[in-house]
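Peer 1: Below is one structure. I have some questions about it.
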Amino acid sequence: MKKYPLCSFAKSPLTCCKDADIDQLFAVLRKAFEAFDSQKSGSIPCDMVADILRLMGQPFDKKILEELIEEVDADKSGRLEFEEFVTLAAKFIVEEDDEAMQKELKEAFRLYDKEGNGYIPTTCLREILRELDDQLTDRELDMMIEEIDTDGSGTVDFDEFMEMMTGEV
């Protein structure tokens, strides 16, 4: 269990985005929802969700979508209210953001892995951590590095770096 994830990534679009992004995302989701709520009942049939995701350019697996719909349709009505729809849409948005984040972190790692060895020295990691939070004490840095460099090699490979940045194994 890691105590120091540096990029805590929330599993909701309402907490993983900047305020302006939240408003824009919410507006897009509201517009899509209302377009399919033709009777203005405040809910849409579950079988329309795939159409909405397609229109939003959001890739999905049909079986996974069916499982997610079953999970978020709390009242098992066969219809999704807006909040249930947002919960479902968030799962697709987060997955896409996770992939983008992994790509960005891989690129960042490559910048520090100047020789292309597949690892960075913990001395370099100390500098990175210091830049991210200049309030960290030497003792805190030592503790973090000790926890991050799980094999005690004095280097951090990409997997250790990812775990440090995301808090996920």
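Backbone N, Cα and C define each Cβ position, glycine as well.
No curator has checked TrEMBL annotations; they are predicted automatically.
Annotations per TrEMBL:
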- 24-59: domain 'EF-hand' (DOMAIN)
- 60-95: domain 'EF-hand' (DOMAIN)
- 100-135: domain 'EF-hand' (DOMAIN)
- 136-169: domain 'EF-hand' (DOMAIN)
Peer 1: Within the domain 'EF-hand' (136-169), count helix residues (DSSP H, G, I), strand residues (E, B) and coil residues, in that order.
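Peer 2: DSSP classes over the domain 'EF-hand' (136-169) add up to 20 helix, 3 strand, 11 coil.
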Peer 1: Could you tell me how many residues in the domain 'EF-hand' (100-135) are helical, how many are strand and how many are coil under DSSP?
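Peer 2: The breakdown for the domain 'EF-hand' (100-135) reads 24 helix, 3 strand, 9 coil.
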